[in-house]
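J.: One structure follows; several queries about it will come next.
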Amino acid sequence: MPLPFDCRDGVLHVEDVALPAIAAAVGTPAYVYSTAALRTSARAFRAGLASVPRKQLAFAVKANPNLAVLKLLAAEGYGADIVSAGEMLHARAAGMPAESIVFSGVGKSRRELAAALDAGIGQFNLELEEEGVVLAAMAAARGLRAPAVLRVNPDVDAGTHAKISTGRKQNKFGVALDDAAAIYARLAGRDGLDLRGIAIHIGSQLSDLAPLEAAYARVGELVARLRAAEHTITHVDLGGGLGLSYRPGEQMPSPAAYGAMVARVTRGWDVTLLFEPGRFIAGDSGVLLTEVLWVKPGAVDPYVIVDAAMNDLARPALYDAFHDFVAVRPSGQRMTANIAGPVCESGDTFAMGREIDAVAAGDLAVFRTAGAYGATMASTYNCRALVPEVLVDGGRFAVVADRIAPEAMLAAQHIPHWMAEVEAAPRKAALRPATGRALGAAHRPRSRRSASSGRLGS
Ligand SMILES: *Cc1c(COP(=O)(O)O)cnc(C)c1O
């Protein structure tokens, strides 16, 4: 079977669609996802866990909340790991059943907890004791028992970038392992709460299974201690984090190796295991398609200025992340260059001194492995359009998220009425014989409300 991203007749394709066809139809920059690649990784992750008897798979929506992507993963039997009510909205709109939704995140608002309770989601992952107290009260008031697990912070160094490391004791996530048993005991008896286990998530882009194994082993000890204290533990959520190879030739743990480790460490736990993969499922299923605008001489190497920028793909600026850059019509020639976008920040640089396919102005190229934490982190910084997303399936493709043009963003902005009045006053005055009275009337606030907002604003 051909690879989902492959050169055919000298042109990079996504499945059976040549990327220049997408650039012509949709413009650049644009994210392009492969249905086949998404299915392949979703199935590979599940297959890796074949020896785990009772499991639930919840795609970490934050990695790629595109509706079509979620719908595809729902069809593969994935639920959702959400971190906001907005992500719940997306997961439900994609047809994911409420029971298959797990709500993680250190800052769930009361409004979000209420919305999730009312929707009947499958599990709340509590990040602190007070959250459990509040959730229990809210559920009891509704005559419900909220299914919940307690997230612990195992204090292990996941060996990944500091900004995507979540399981060290100084991180904001979970309750300290040492406090977990006492908090669990205080929450377990509450009306409105069906506290049923433990959750963990130590970080993302993990290239080594050892920290995960150490963290899971600590969870195993905690589960044993909780059971010794007569608590019923039926669910353990092992989080996400499995890394992906971003650099050509980079070695990463396979889902099979991950699954074998999980099976070994969790043997005898006798629980339903939850998994929350994000990056592994979506990362390698998408590219960011871009056009070279200019090739500009630099102090050392030339700058390849592309029309994608840090507002479209933030990972290099945020985490010094590496995204492979390849030409859509590679000539076979190579060049050493810096790759940068148009945004007015030096941080808007994708690579320095990198050997890449030789490109010239007008050429198309892609940043690979951009399907996770790509479009979802996009912004409109520099009043740039919000980048569109395209899904390919075999020989067909469709825009699955529109390009939001600056005109639409402008239409969502408003000039406060008092500024409009100030602006209008001289014009009005110019149209009529200028009198002090007319100007004075124009400056007077229209209502009490505008008068008080004027005070607030000063
Ligand atoms: C981000 C996140 C995930 C997904 O992490 P990946 O590295 O993308 O697999 C899973 N669970 C929680 C709680 C998260 O915050």
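Each residue, glycine too, has its Cβ placed from N, Cα and C.
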J.: Select one of R264, R267, R279: the residue that TrEMBL places in the substrate site alongside R315, Y319, E345, Y373.
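T.: The candidate from R264, R267, R279 that TrEMBL ties to substrate along with R315, Y319, E345, Y373 is R279.
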J.: Which of G197, G220, G241, G332 shares the pyridoxal 5'-phosphate site with E276, P277, G278, R279, Y373 per TrEMBL?
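T.: Only hit among G197, G220, G241, G332 in TrEMBL's pyridoxal 5'-phosphate site, alongside E276, P277, G278, R279, Y373: G241.
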J.: In Å, how large is the greatest distance between any two Cα atoms among G241, E276, P277, G278, R279, Y373, the listed binders of pyridoxal 5'-phosphate?
T.: 15
J.: Summarise the model's confidence over the domain 'Orn/DAP/Arg decarboxylase 2 C-terminal' (31-371) as a mean pLDDT value.
T.: 96
J.: Find the one among the recorded positions K62, R315, Y319, E345 whose C-alpha lies closest to that of P277 (pyridoxal 5'-phosphate binding site).
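T.: In terms of Cα distance, P277 (pyridoxal 5'-phosphate binding site) lies closest to K62.
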J.: For R315 (substrate binding site), what is the tally of other C-beta atoms lying within 10 angstroms of its C-beta?
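T.: The answer is 23.
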J.: Got a sec? Which of G241, E276, G278, R279, R315, the binding-site residues, have CB under 6 Å of any ligand 1 atom?
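T.: Among G241, E276, G278, R279, R315, near ligand 1: G241, E276, G278, R279.
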